[in-house]
Amino acid sequence: GNSLLFMPNVLKVYLENGQTKAFKFEKKTTVKDIILTLKEKLSINSIEHFALALEEQYNIAKLYLLHEEELIE
């Protein structure tokens, strides 16, 4: 729910199909950790074509692809 927006250390991931997934993370959590968790939860066979992107809050046309070794902070 919306309460997750205000919880510290919770990342909301918006999927292409309209679903939203929330993940608790720690200082050492990487982008790859989140992608692997999504792979498991969504039964994805191959993750080579998946990435996490950061969307600008006031300009949704701007997306930034996140490198898999980046930390989620």
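Heads up, the Cβ atoms here are built off N, Cα and C, so glycines get one too.
Database features, via TrEMBL:
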DOMAIN    9-73  domain 'FERM'
DOMAIN    10-73  domain 'Ras-associating'
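Note: the domain 'Ras-associating' (10-73) comprises 11 helix, 18 strand, 35 coil (DSSP; helix = H, G, I, strand = E, B). For the domain 'FERM' (9-73), the predicted model reports an average pLDDT of 86.
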